[in-house]
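The substrate binding site feature in Swiss-Prot is assigned to Arg19, His131, Thr353; the stated evidence is sequence analysis. The pyridoxal 5'-phosphate binding site annotation in Swiss-Prot covers Gly106, Tyr107, Ser178, His206, Thr234. According to Swiss-Prot, the feature N6-(pyridoxal phosphate)lysine maps to Lys237.
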Amino acid sequence: MSKSFAEELEMLKAQGLHRRMRRIAGSQGSRAVVDGKEALLLCSNNYLGLADHPRLAEAAIRAVERYGTSSGASRLVSGTMELHALLEERIARFKGTGAALVFNSGYAANSGIIPALVGKGDVVFSDRLNHASIVDGCLLSRATMVRYPHNDTAALRRLMERHETAGRRLLVTDGVFSMDGDMAPLRELAALKREFGALLMVDDAHGTGVLGATGRGSAELQGVMAEIDIHMGTLGKALGSFGAYAAASEDVIDYLANKARSFIFSTSLPPAVLAASLAAVDLVDSPDGAALRERLARNTAFFREGLCAAGFDTMGSETQIVPLFVGGAEETMAFTARLLEAGVFAQGIRPPTVPAGTCRLRCTLMATHAEEDLARAVALMAAIGKGMGVI
């Protein structure tokens with residue numbers, strides 16, 4: 001080897017790009033103990049506060065008592081328990097599709113679904129800011145990958161015109177972009193998919209449970225639920241559990257069950273996770289879920305308005321993901337460290353997750369955040385930002 005792992009690690013450290021894991025003690029509530037210090041948690045995807053909700057915990061406990069701790073096998077062997085079927089039926093009803101299929105994670109879903117749908121001779125159109133799991137799914141598929149400028153539907157149209165003679169065409173996008181907090185223009189994308197005879201897949205990991213009148217996500221918010229061919233979403237963010245799903249027509253789901261390698265060759269999700277997910281979907285699809293979404297929306301508006309009033313650039317965020325632009329990697333991580341020392345944990349984001357020069361704090365709001373805590377966080381950020389010359 002030309003370079004040792006130790007040498008490469010030293011290079012990452014010199015570039016300000018070395019990462020380490022911080023230890024969280026206790027549950028993922030609005031406050032947590034981070035590396036032994038209590039802090040306001042502003043970087044969890046537990047948007048509705050369901051990760052420590054008693055209904056989910058009780059459902060998981062009951063499932064362990066009845067079904068044990070493991071599914072014991074992959075889904076196509078003996079690993080399909082009745083809870084898998086019940087959860088998939090519930091997700092299909094929730095998303096308004098013919099069927100659904102549960103995967104072990106969002107990464108497993110995208111890296112399995114996309115190569116199952118397209119291959120050599122096909123083309124996949126992918127937003128340049130799509131999640132890494134979508135990019136990897138496209139690469140694994142061996143289809144021609146065409147990346148279009150972020151949310152630029154005019155540029156996308158030109159690219160689709162160039163590939164009209166391709167085999168199967170797949171248009172894939174995040175519903176909510178995880179690092180910027182903005183949304184895909186799903187109405188325009190749906191029109192393009194109709195015009196060019198493409199399939200439209202939406203990864204709504206950060207919209208499911210949060211957006212739309214009933215929490216069905218960004219497609220519901222934009223009025224195009226029926227236009228999406230493959231709804232992908234996760235169970236471990238707003239829904240407070242673990243895993244992911246695809247929701248689509250019965251034929252597409254049957255096809256994925258037979259072709260998606262990440263589904264076929266993995267031991268399936270355990271009973272506790274399935275039961276917690278079922279409880280989460282029921283809760284989201286209820287008046288209690290609506291109340292949580294309203295609280296999250298209020299917290300998000302309060303926090304974003306406070307940052308903007310202080311002079312921060314929130315990078316066009318439209319959702320509960322609110323980035324705070326800093327710029328350089330070292331400055332961003334210094335900002336994070338100063339905040340944590342003062343009792344606020346907002347994770348700095350650096351390359352390769354975001355392009356160089358666009359490093360930011362990625363703040364994520366919860367329904368369970370208290371307004372006074374958010375006000376204190378904004379004041380701290382403003383003081384640190386002024387001291388560092390960010391604002």
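Glycine is no exception: its Cβ is also placed from the backbone N, Cα and C atoms.
Distance from the CA of Ser178 (pyridoxal 5'-phosphate binding site) to the CA of His131 (substrate binding site) is 7 Å.
In this structure the alpha carbons, written CA, of Arg19 (substrate binding site) and Thr234 (pyridoxal 5'-phosphate binding site) are 25 Å apart. Classification of Thr234 (pyridoxal 5'-phosphate binding site) by DSSP places it within a strand. Taking the C-alpha positions, the distance from Thr234 (pyridoxal 5'-phosphate binding site) to Thr353 (substrate binding site) comes to 19 Å.
Considering only the binding-site residues Tyr107, Ser178, Thr353, no residue lies within 10 A of Lys237 (N6-(pyridoxal phosphate)lysine) on a C-alpha to C-alpha basis. Other residues of the same chain near the pyridoxal 5'-phosphate site, with their Cβ within 8 Å of the Cβ centroid of Gly106, Tyr107, Ser178, His206, Thr234, are His131, Ser133, Asp203, Ala205, Gly236, Lys237, Ala244. With respect to Thr353 (substrate binding site), the closest of these binding-site residues in Cα terms is Ser178, chosen from Gly106, Tyr107, Ser178, His206. DSSP classifies Arg19 (substrate binding site) as coil under the three-state reduction. For the recorded positions His131, Lys237, the greatest number of Cβ atoms within 10 Å around a candidate Cβ is found at Lys237. Sorted by the number of other CB atoms within 10 A, the binding-site residues Arg19, His206 start with Arg19, the lowest. The binding-site residues listed here are Thr234, Thr353; among them, Thr234 has the most other Cβ atoms within 10 Å of its own Cβ. Gly106 (pyridoxal 5'-phosphate binding site) falls within a helix when secondary structure is assigned with DSSP. Less than 8 angstroms from the CB of Tyr107 (pyridoxal 5'-phosphate binding site) sit Ala132, Ser133, Asp136, each of them six or more residues away in the same chain. Cβ neighbours within 10 Å of Ser178 (pyridoxal 5'-phosphate binding site), excluding its own Cβ and spanning all shown chains: 21. Listed in sequence order, His131, Ser133, Asp203, Ala205, Met232, Thr234, Gly236, Ala244 are the same-chain residues six or more apart from Gly106 (pyridoxal 5'-phosphate binding site) with CB atoms under 8 A from its CB.
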